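To keep things clear, I will list the structure first and then write my remarks on it.
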Amino acid sequence: MESLQVALSQDFFEAFARIPRNKQKKVNEFVGKFRNNPQSSGLNYEKINDAANDQFRSVRVDQDYRAIVMKPSKGNVYLLLWVDKHDEAYAWARRHKCQVNPETGALQLYEVTHHEAAVETEAASEPAEDKAESEGEALFDLRDRELLRLGVPEDRLEQVKAVTSQRALDQMERLLPVEAFEALCFLAEGVSLNEVMAEYAVPDGEHEVDTTDIDAALELATTQRRFHVVEDEAELQQMLEAPLEQWRVFLHPLQRQLVERHWNGPVRVLGGAGTGKTVVAMHRARWLARNVLAQGEKLLFTTFTRNLAMDIEANLRKICTQEEMGAIEVTNINGLAHRALRQIGHPGQVVYPGSDEYSKCWDKALTQSPGELNFPDSFYEEEFEQVVLTQRVQTRQEYFKAKRVGRGVALSRKQRAQIWPVFEEMRLQLHQNGFLTLQDGIYAVMDHLAEGKGDLPQYRCAVVDETQDFGPEMLQLLRALVPEQKDDMMLVGDGHQRIYGRRASLGQCGINIRGRGKKLRVNYRTTEEIRRYATAVLEGIEVDDLDDDQDSLSGYRSLLMGQKPVLKGFSDPKEEAEWVCSEIQKLTDDGMPDRNICVVARTEKHLKDVKSALKEAGRDAYPVRRDSTENTQIPGIRLANMHRVKGLEFKVVFIVAVNQGVVPLQVAMDKTEDVVEKRARDLNERALLHVACTRAVQGLYVSWSGEVSEYLRS
Ligand SMILES: Nc1ncnc2c1ncn2[C@@H]1O[C@H](COP(=O)(O)OP(=O)(O)OP(=O)(O)O)[C@@H](O)[C@H]1O
């Protein structure tokens, strides 16, 4: 007998997540039975009168619940589409269509009748300005053929051609298959037809589609973003245990294209906040472990921040087998450098700028500064970090030749000679105290590797998240640890989220991406309203593409719609803190678990008033830590500074104290007098606010007391 297969739809998991726990157990048993034998006579298939698709059947889960199943006329795959209470399940079946698109070959699921009525009513109550807009020109100047190739079903062509505004398009969301809606959204956002066609359309006239062949449809990446053929019982159980963690199985076709193929060298993945870069990186690591690593070979998965590395390791465990995990090493880049230094037996202790030890060395070094030049102390520190350390300058002669691109003050040869003693003294101080900077530490490791002593692990592949924050020496270290070859590296990042350090170019660090890579455009995390607000914070700012070009934040789209961010100013911080508490109270009264709420400020100090107000209100609150994973199960409001929330997400985010002088942080800005450096810091500060805003999934509250931050004034 031909073996039977079961594919579960993404919608099924959403429906499953919504039903009560005791019923989930029943559904779980049912799914197990169904998967073992979808044709089992005990399953009571019932035809649904008036269903838009005559292959839809309802199947009894228990007395109250029914699952909606598609029983194909041909082939050996059964589709499990929905689960709900009896009447609701039937209503769902009457409202949806599931069929293979004759043009694209993808299996599509979309609404038929319910929302058509809704669209009419909503159109009748459109605000005046939208009505005016909707009487205007058609939004899409496309031929039927192009629309069909983008996956618009034939029976929707006329409606799509009649769309005259973004709002009218938004209202069609459920009436269109997701891929077609997404493609139209990008066109409406101004992404060029060529780009959208390249990413979404089927090649013209390339293949014949058999609309009854569900097996073939399930092979397509477009189908796989919404349907998954379950491999085994263990996978099914994992999926049902965390039905909302859909990233584990349902990849966007663009994500899948990046993950499941061989690349001829390093590949770069760009994408704004929340576009699923980390998800791509994790799936890539699994794919490499399965398809590329030979016995005994290792993969390095590295990030900039420590807590993100820990989160990633915990998530990788959810999608990888133990054996695969055994070949994957997850660590943040500083941790990797520290360990390598120990392994090569380097006696130095790494010290970081801002630490007491480092500052003491500087106090001594600055005694050598030539008074006649009148440079501020900050100038020397910046010059040391950005020129001397970055270019490994050891001698006065080397300093004469060093490139000073990006420094605000030009220096003559004579001036270089005058200031060199400061750096010489700094190196001496560090050395005498047994200290070394991270950069020097990394270079020591690279020297060791270059000598070929063979006592440091090398990796077959590396997957890198948060690449935008890696300094040049870190990228060079990666290059040294991972020999150049096919499938050697994947680097994901977003220059708009650079909150540490400065720009480094992959190419200039020996990582040649040569056009390999893609940009992810669909924001999976935040609502469109929050995404737009967070993008506006960076308006007019130029950001690099991690290599030698520019990147931009246009051409993105979130598919979730929601409330506009709430913005509110107060005359003093106590009032602001009370407001935050009362808004939190409203949210928790409405059923939002407090663990899903995070209050963020530029620094810990600016969380003080909210902390006391929460305490007075008898609420649990605890800080997001640098060195632990974010355990989403522990109750309590989360508190964090802006740096700490990078890479995380919360249902609701409150950003407090967005005051003039705090955002951007005046003390950080005042530390430099160099104009170029000031601009770089301003960018980092804006990026911090952008990062904080983009952590919010459905609710964003931004507040201030006294004068509002200049970043919010426009
Ligand atoms: N294919 C997918 N299906 C469902 N959810 C997804 C998918 N891809 C990503 N997500 C979800 O979207 C959210 C953002 O994903 P992720 O953290 O990978 O984005 P990112 O681009 O790395 O974000 P950031 O740069 O802001 O840290 C997460 O909740 C993730 O689970």
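Cβ coordinates are placed from backbone N, Cα and C, and glycine is handled just like the others.
The shown structure was predicted, so the numbers you read here are calculated from the model rather than taken from an experiment.
Annotation comment: TrEMBL describes 250-534 as domain 'UvrD-like helicase ATP-binding'.
In the three-state DSSP reading, Gly276 (ATP binding site) counts as coil. Around Gly276 (ATP binding site), the C-beta neighbours below 8 angstroms that are at least 6 residues distant in the chain are Trp247, His252, Gln255, Leu520, Val522, Tyr524. For Gly271, Gly272, Ala273, Gly274, Thr275, Gly276, Lys277, Thr278, the entry in TrEMBL reads ATP binding site.
Cβ atoms within 8 Å of the centroid of the Cβ atoms of Gly271, Gly272, Ala273, Gly274, Thr275, Gly276, Lys277, Thr278 (the ATP site) belong to the same-chain residues Asp494, Leu520, Asn523, Tyr524, Arg525, site residues excluded. Taken together, the residues in the domain 'UvrD-like helicase ATP-binding' (250-534) have a mean pLDDT of 93 on the 0 to 100 scale. Neighbour density for Thr275 (ATP binding site): within 10 A of its CB lie 27 other CB atoms from the protein chains shown.
Cβ neighbour count for Thr278 (ATP binding site): 21 (other Cβ atoms within 10 Å of its Cβ, all protein chains included). For Ala273 (ATP binding site), the count of additional Cβ atoms within 10 Å of its Cβ stands at 25 [all protein chains shown]. Proximity to ligand 1 (Cβ under 6 Å from any of its atoms) holds for these binding-site residues out of Gly272, Gly274, Thr278: Gly274, Thr278. The C-beta environment of Gly274 (ATP binding site), restricted to residues of the same chain at least 6 apart in sequence and closer than 8 Å, consists of Asn523, Tyr524, Arg525, Thr526, Arg531, Ser558, Glu649, Thr694.
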